[in-house]
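Step one of this worksheet: look at the structure below.
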There are 2 protein chains.
Amino acid sequence: MTARVIDGTAVARRVREDVGRGVAQLVAAGGRAPGLATVLVGDDPASEVYVRNKRRLCVAAGMQDLHRHLPGDVDQASAAALVDELAADPQVSGILLQLPTPRHLDSDALIARIPAEKDVDGLTTANAGLLAQGRPGLRPCTPAGVMALLDEYDVPLAGAEAVVVGRSVLVGKPMAQLLLARHATVTVCHSRTRDLPEVCRRADVLVVAAGIRGLVGRDAVKAGATVIDVGIHRGDDGLVGDVESDAVAEVAGALTPVPGGVGPMTIAMLLANTLTAARVQQGLAD
Amino acid sequence: MTARVIDGTAVARRVREDVGRGVAQLVAAGGRAPGLATVLVGDDPASEVYVRNKRRLCVAAGMQDLHRHLPGDVDQASAAALVDELAADPQVSGILLQLPTPRHLDSDALIARIPAEKDVDGLTTANAGLLAQGRPGLRPCTPAGVMALLDEYDVPLAGAEAVVVGRSVLVGKPMAQLLLARHATVTVCHSRTRDLPEVCRRADVLVVAAGIRGLVGRDAVKAGATVIDVGIHRGDDGLVGDVESDAVAEVAGALTPVPGGVGPMTIAMLLANTLTAARVQQGLAD
């Protein structure tokens, strides 16, 4: 058996097209085009690539690119002042602070200044609380993207055993909350889990977000399981994930590739969040 | 084998004595005695009993009882105004809105007015977010009380399999977060879980907070497991929990009784939270 490939590139394209239609409808209804303010501090080449992609896809979806660039040696007060300016600007629907920021800055303190309704990365404590309490709010993009993939491939979640490997604030923890909200029985594993393969083998849906290359092998996957690989590592032979994909593909029912799985979904959900934020701010939410 | 009885009454007394000493130290250090503002709306007899107990133990710990009583037909604006008054009052360290409020009131909207630093019940979205992100904050009293019991009885948590039955915002969800923060491998079960006994049998630590009398029987408990029963129901023969205690006591390693298990811990942790809140507000935190 070879696992079905979950094509994140194709799903992400459809999500972005949906967002583009939503933007057009918003404008046709008399609203303003959503504006995304990406904030890049310094000149890290990888961060520049990420931000450039976000800006390009933002424009392609019909949104305003309100990018701001700060010098790498900017002080905390000036960076905070920029966030405050964007928070107050009605043209700005969403604010995304590209991480990591240079070490001398307190990025948590900067994120805390982003109003919850403009927090399109879903990283603020306010949005984490809304998610934990099951209230409406902006969800972190990567876990939201995983949910969109699962839905697109009609993966049953209610009553399913879902196992999340990793407990980061950015991915693992919100992922568990989102799966729980869809009525899965959810287990969270991590570096202190005693027998990781045994726990993972219980999973009908296995989401691996540990940041450890090749952590999950064939022995950790139940036959027919849906496996989502959030990891991304640069190897000698290109990008690879947290899952030993060749071996796991022999037992899993479906598997996301790396690249082309979860990766493209993250930006797509950022755009979806920005549209949602604009609708709410303009009083035109569904 | 008969399970060791986890004596919540005794542990709660020790916690309250610790709080009493902490209050005395705070006052000796030049601080103000913490003030707890319980807010009771209407005359529900059960709520009156709960509030009376909280006030009595608050005074016994050396704190100020700043109780407020509103008539059952108070309107939303007046109730909100009282919360705002307490929020602004420096004598008030903690605000506890006794739930449920009469149906015509929006209790969520009232709770949302409680400043996070006075939210000694740990119910606000802000404190839920702090817990979800692993930041310091006031934790919900019942799950915090369960953690205190587990610690008092030296139950190993790091690497242990913990199963939480129930996913309420008040107990199940924060319970899972607290166990995860202590490095347990945590599974959350609920009404949609396919085979509840099977999942529960994995648990080294089983916390049952489903609100269903006798839900967890002997077949759902691994030999030697620690079982925490958060349920409380009035039966023909007194109070009973979510766990079939006689049968489970034969297999479990340790078990909380009902009454006298988790129940007394909830008020004890409320007092502990009020002391913590007062220390933080007065700039005298550890």
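Cβ atoms are placed via backbone N, Cα and C, with glycine included.
Note: TrEMBL annotation is automatic and uncurated.
Annotated in TrEMBL:
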type	residues	note
BINDING	A:GLY166, A:ARG167, A:SER168, A:ILE232	NADP(+) binding site
DOMAIN	A:6-121	domain 'Tetrahydrofolate dehydrogenase/cyclohydrolase catalytic'
DOMAIN	A:140-281	domain 'Tetrahydrofolate dehydrogenase/cyclohydrolase NAD(P)-binding'
Sequence-distant neighbours of A:ILE232 (NADP(+) binding site) in its chain (C-beta under 8 A, six or more apart): A:LEU239, A:VAL240, A:GLY241, A:VAL258, A:PRO259, A:GLY263
Candidates from A:GLY166, A:ARG167, A:SER168, A:ILE232 close to chain B, where binding-site residues are judged by Cβ under 8 Å: A:ARG167
Secondary structure composition of the domain 'Tetrahydrofolate dehydrogenase/cyclohydrolase NAD(P)-binding' (A:140-281) [DSSP: H/G/I, E/B, coil]: 54 helix, 28 strand, 60 coil
Within the domain 'Tetrahydrofolate dehydrogenase/cyclohydrolase catalytic' (A:6-121), residues counted as helix, strand or coil by DSSP: 58 helix, 16 strand, 42 coil
Among A:GLY166, A:ARG167, A:SER168, A:ILE232, the record's NADP(+) binders - longest CA distance, Å: 16
